[in-house]
Amino acid sequence: MAGSNHSNVTEFVLLGFSDLKELLFGIFLLLYLSTLLGNLGVILLIKSNSQLHVPMYFFLSQLSFLDICYSSTIMPKVLLGLLVETNVISFKACLAQFFFFAAFGSTEAILLAVMAYDRYVAICQPLHYSAAMSHGLCVQLLLASYAAGSLNALVHTSALCQLSFCGPNLLHHFFCDIPPVLPLSCSDTWLSQLLVAICIGFIIATSLLTIIISYACILLSAWSTHSMEGRPKAFSTCTSHLMVVALFYGSAAFVYFHPFSRQLEHQGTTASVFYTMVTPMLNPFIYSLRNKEVRSALRRAGNKLLSSIYSHRSCSSQTKGDVTCQSGGSRRNKADT
């Protein structure tokens with residue numbers, strides 16, 4: 001913390017969920033496990049299937065990784081808080097949680113715009129797609145997204161460190177975020193409020209503008225073509241991405257650009273639940289189950305797994321068929337290669 005900070009508050013009491021803790025624990029645990037399993041499954045599926053080693057799925061795997069990190073920054077503490085009578089977080093842990101939450105959240109917002117641009121190049125400039133979206137450029141875009149997201153988080157965290165917190169320490173939220181933390185400060189918060197309006201507003205505005213322009217060009221390109229097969233594919237691509245964008249940006253914009261007050265704290269909490277818990281859980285289903293290539297790869301992986309389980313059971317049930325099973329397994333391995 002900065003030397004000018006004379007905070008007396010050493011911890012915050014999180015009051016986000018005070019009722020129905022047992023029910024909420026079960027619901028949130030299910031959401032968190034679904035987020036982990038769904039996004040980890042997407043990452044492993046893309047990594048293990050060579051047909052999915054293209055820029056679109058490279059960014060999709062990175063989005064899944066961000067969703068895991070993004071959700072894991074908040075959910076373990078939320079689940080632990082539902083098991084105790086008083087959910088307490090130290091001031092330093094609060095700052096650390098906010099930094100990683102802001103870094104991963106900002107990076108995801110920028111990555112969604114990068115993914116929209118990738119789809120624009122793939123659909124509107126298919127002949128130049130391989131050259132325009134090379135692996136080196138994809139890595140650079142990813143690193144730039146992380147750098148911009150981390151810088152945004154560092155700016156806001158540094159501004160919070162300059163504030164004094166003399167009490168009270170009751171935080172009417174389920175994790176440490178700027179809108180509920182600022183009202184607890186006993187110093188002037190105009191700089192933090194200005195940074196929220198400038199930095200977060202710039203990220204949301206530029207990302208949304210990129211997404212809108214990219215998909216407007218995609219829709220115009222699909223509408224101008226006479227191919228009846230290309231239009232449904234383009235519309236499906238737009239629909240999947242825009243569903244995620246609407247959930248993520250809509251709920252985030254409500255929280256950060258709506259005045260935080262005691263009368264609106266329940267609405268802010270509900271909106272925060274959407275973009276911190278629901279959206280990371282839905283992303284694998286929205287992107288994967290609506291994508292033909294991913295569904296095909298998932299189907300092949302499932303058939304291969306079931307075939308391996310069936311072969312293992314068949315071999316283990318035989319008493320004198322070891323040689324036959326081994327030779328059959330060898331033939332299957334040769335056929336796979």
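Just so it is clear, glycine is given a Cβ too, placed from its N, Cα and C backbone atoms.
For 23-45 (among others), the entry in TrEMBL reads transmembrane segment.
Positions annotated as domain 'G-protein coupled receptors family 1 profile' by TrEMBL: 38-287.
Long-range Cβ contacts of the transmembrane segment (57-75) within its own chain (Cβ-Cβ under 8 Å, at least 6 residues beyond either end) map to 28, 31-32, 35-36, 38-40, 42-43, 46-47, 97, 100-101, 104-105, 107-108, 111-112, 114-115, 118, 135, 138, 142, 174-175, 276-277, 279-281, 283-284, 287, 293-294. The feature transmembrane segment is assigned by TrEMBL to 57-75 (among others).
For 95-117 (among others), the entry in TrEMBL reads transmembrane segment.
Feature annotation from TrEMBL assigns transmembrane segment to 194-222 (among others).
According to TrEMBL, the transmembrane segment annotation covers 234-257 (among others).
TrEMBL lists 269-289 (among others) with the feature transmembrane segment. Long-range contacts of the transmembrane segment (269-289) within the same chain: residues 16, 28, 31-32, 34-35, 38-39, 41-42, 45, 60, 63-64, 67-68, 70-71, 74-75, 101, 105, 173-175, 177, 240-241, 243-244, 247-248, 251-252, 254-255, 295, 298, each at least 6 residues beyond the stretch ends and with a Cβ under 8 Å from a Cβ of the stretch.
What TrEMBL lists as region 'Disordered' is 315-337.
Annotation source TrEMBL lists compositional bias 'Polar residues' at 315-330.
Contacts between the transmembrane segment (95-117) and the transmembrane segment (23-45): absent, as fewer than 3 C-beta pairs lie under 8 angstroms at sequence separation of six or more. Counting same-chain residues at least six beyond the ends of the transmembrane segment (23-45), those with a Cβ under 8 angstroms from any Cβ of the stretch are 17, 52, 60-61, 64-65, 67-68, 71-72, 75, 78-79, 82-83, 277-278, 280-281, 283-285, 287-288, 294, 297-298, 301. For the domain 'G-protein coupled receptors family 1 profile' (38-287), the model's average pLDDT works out to 85.
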